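Chemist: My structure is below; once you've seen it, I'll send some questions.
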Amino acid sequence: MRGVRAWLIVVAALVVCTLMVGGATRLTESGLSIVEWKPVTGTIPPLTDAEWSRQFEAYKTIPQYREMNRGMSLSEFKTIFWWEWGHRLLGRLIGAVFLLPFLWFLWRGFLSPGLQRRLWIIFVLGGLQGAVGWWMVSSGLTERVSVSQYRLAIHFMLALFIFSAVVWLLRRHIQGGVPSVAPLRVKVVGRILLVLVFLQLYFGALVAGLRAGRVFNTWPLIDGAFIPSSARLFFEQPWWRNFFDNTLTVQFSHRMIAYTLLVVAVAHAIDAARSRTSPAIVSGALWIVAAMLVQVVIGILTLLNQVPIDLGLAHQAVAIVILTTTLFHVERLGRALPDRTPAKLRLVVGEGG
């Protein structure tokens, strides 16, 4: 299975590269530079001056150019074009790198039926991701100067689900490992931690889509208080829309989930260290805490500096590290045997004869 393992590692690495280039595309406001979706012929970039002029003229028809970039030169347009083109090219490359070896492994009979089903699901999700990407871009071509934060979040989360599925498959079905020992509560809290990580990533995508990191650039206070007034947090109706459309509420939620994550991660690591848990599990819990501490520092610096490109990309990169570390940890916990050692051994000698 070494060939299958190497193949999945390459696929996971390409997904990470695509996520990072996608982050740079968003931070440089490049995502709307290509206003058409040509899955096959779009692989070839403009090669002549006439083709470049046609692409630039097409970009000039959308609101982002008219309201934000009017007067942009062709040279400046080429810069944002290459970011978006590179992001799309990586998506196509992932499809080829996934499908061709997959078909070969199928032909050679290297994959069990269960593994085949899971890999087909990942392939379908990858194809869906391409359609979702265009669906996201199309939201910024007619009335908006940027893409919908809802669609951006769906696009981002689907990429993370695909990455997580590949990593989980790699760990569970290919790499394996020696089972560990962990109490039930450690397993449960580990899963809660993973759910919170995904929730935080979702709100991070909403922050990015709303450009909420470029407002309320103070810490630890936000809008002049640690907890803003309810009138400011919930001024939109119905109230639940504030968690998706209100920049203050979305950024506040992102902060609060971060604090919650750190507290839960620290408590989880302490509990794992104090209980009858295998050293590998304790080590995994500590690595999660370390990554989160780094992320907190980067997140604060990113906010205070109004999301410069380098810090914004670092923030996203560490988020992927946290997700990967947590996936490894929870997968290891899933294979862990329950701790059946009694807390106290009591020998009862015959009572009353």
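From the backbone N, Cα and C atoms, a Cβ is placed for every residue, glycine too.
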Chemist: With TrEMBL as the source, identify the stretch among 7-24, 313-330 annotated transmembrane segment.
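Modeler: It is 313-330 that TrEMBL annotates as transmembrane segment.
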Chemist: As a test of the contact definition, list every same-chain residue at least 6 positions from HIS254 (heme binding site) whose Cβ is closer than 8 Å to its Cβ.
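Modeler: Same-chain residues close to HIS254 (heme binding site) (Cβ under 8 Å, separated by 6 or more) are GLN200, PHE203, GLY204, LEU206, VAL207, ALA212.
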Chemist: What stretch, picked from 89-107, 285-307, 313-330, has the most CB pairs under 8 A with the transmembrane segment (149-170)?
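Modeler: By Cβ pairs under 8 Å, 313-330 leads among 89-107, 285-307, 313-330.
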Chemist: Please give me the CB contact count at 10 A for HIS315 (heme binding site), counting all chains in the structure.
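Modeler: Taking every protein chain into account, the count is 21.
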